Amino acid sequence: MASCAVEGGCPSDYVAVSISILSIILLLAKAVAPYLIYKIPRPKGSSFWLVAIQVLASFNLLLSIVMALNFLKFKGRHWWNSCYIWAVWLEGPLGFGLLLSCRIVQGFQLYNIFVKRRLPPVRSYIFLPLVLLPWIAGSVFIHMKKPLNNLCHMGTQWIIPVICLHALYIAVLVGLTGAVQHVEFRFHELKDLWRGILVSACCIGIWVVAYILNEVHEDISWVQIVSRFLLLVTTSILVLAFFSISLSQPLVSLMSLRKKDHPEYETMGHALGIPDSGLLLQGEPTQFADPNEPLDKLLLNRKFRQSFMAFADSCLAGESVHFYDEVQQLEKVPDNDHVRRIYMARHIIDKYIAPGATMEVNISHRCRQEILSTLDLAHPDLFKNAVNELMQLMKMNLVNDYWSSTFFMKLKEESNMRTVNHELEEFGGWNFSHRLSSVHCADDPFHQEHSPSKPDSNSCDSDLQ
């Protein structure tokens, strides 16, 4: 036991490593499952790479603990066994520090979007390195001073500043969470922020306890083995608890292996409880789409819009119609419901407006910048100019071809069939029997249950007499 406590390779070490590998597999499944199972297109921008960086930082944190605390036994010493690679760089700037920095960036985004009602003034790919800079500077300083011994332990004069750096980032995260705690989030963002604070605080506590046990009792083999086992297993559990998708991709966060209600939330509008757009009620006949009507009026008809959208998709030009459809859903949200309007506006911007978006629409640079630099994401006319520009494009490029397409012919046939069925229902609802309508007696033979034991069957005649 004494040899494996120093060199690694104890049975408990391999059990802890197996648990950490399992946690990484579960983490990857949680992050990737919505895209593989539900075939969601991969988002672009910070909504995707912030989640990917969280997964990478979680892997780095677990790997740094495994390598720095000698869980695995290697023959001889190699340059890549250096404590400064694993315990300083991989655990700090590329592990725990990166995890906290990602959560701070996400909290900063939530604060700007829901409190300031604007997009963040600094891009995430610029803000994240700035937040991470103190970790990088601290790692450079420790690497230059080289305070670690052969067990990757440092003296008390070093551990206090390191703990203070961890606590500083948790304090920043607490401040951002406090600034947004009054917002009525729809996708558990606030709960995820508090959970991140709790998990990071527990990580620091466990790390300090394990460090003290390893530092003070270096000569007690079982203490070394038990403390590092608990450290790795607990960190594996906390990594899973720390991970969150809802802060960056709220709609994707609803589509996990644990939840069976995905079909109800295929769109952001459904997830926010916005009713379907359109003027038609269920059971109402489809109005005939008159080519002489203006396009903006025709698109208010839900059946026409669905048909026109299918035609545009077949021409690989459906972005404009999809954008119009989601803007219609946004307009159904009351102006005073700022949270839902911001959710929907942010979703539309990420999907259609942002450069490189999955369904980026063809609008002018001026119009795009007006939306991206808006000071009020809940403004009712936020997408008005974009809709007007796209309406002109659809009139020039799609409408004329649609009237001669099979999609319009199918819509016309459905309209005629619905009209005929509606007229038949109205016709069947009238009662044209003069004989039946003239019977007002209590013993109406068409509405009375007959019984042979009742002899008074001529009460109607007696009344007539």
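Along the chain as shown, the residues are counted starting at 1.
Cβ atoms are placed via backbone N, Cα and C, with glycine included.
Unlike curated entries, TrEMBL annotations are predicted automatically.
Noted in TrEMBL for the protein shown:
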COMPBIAS  443-453  compositional bias 'Basic and acidic residues'
COMPBIAS  454-465  compositional bias 'Polar residues'
DOMAIN    294-412  domain 'RGS'
REGION    443-465  region 'Disordered'
TRANSMEM  15-36  transmembrane segment
TRANSMEM  48-72  transmembrane segment
TRANSMEM  84-105  transmembrane segment
TRANSMEM  125-144  transmembrane segment
TRANSMEM  156-180  transmembrane segment
TRANSMEM  192-213  transmembrane segment
TRANSMEM  225-248  transmembrane segment
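Among the recorded stretches 15-36, 84-105, 192-213, the one sharing the largest number of Cβ pairs closer than 8 Å with the transmembrane segment (48-72) is 84-105. Long-range contacts of the transmembrane segment (156-180) within its own chain (CB-CB distance under 8 A, at least 6 residues past either end) are made by residues 96-97, 100-101, 103-104, 107-108, 110-111, 114-115, 134-135, 138, 142, 147, 189-190, 193-194, 196-197, 200-201, 204, 208, 211. Most Cβ pairs within less than 8 Å of the transmembrane segment (84-105), among stretches 15-36, 192-213, 225-248, belong to 192-213. Averaged over the domain 'RGS' (294-412), the predicted model has a pLDDT of 92.
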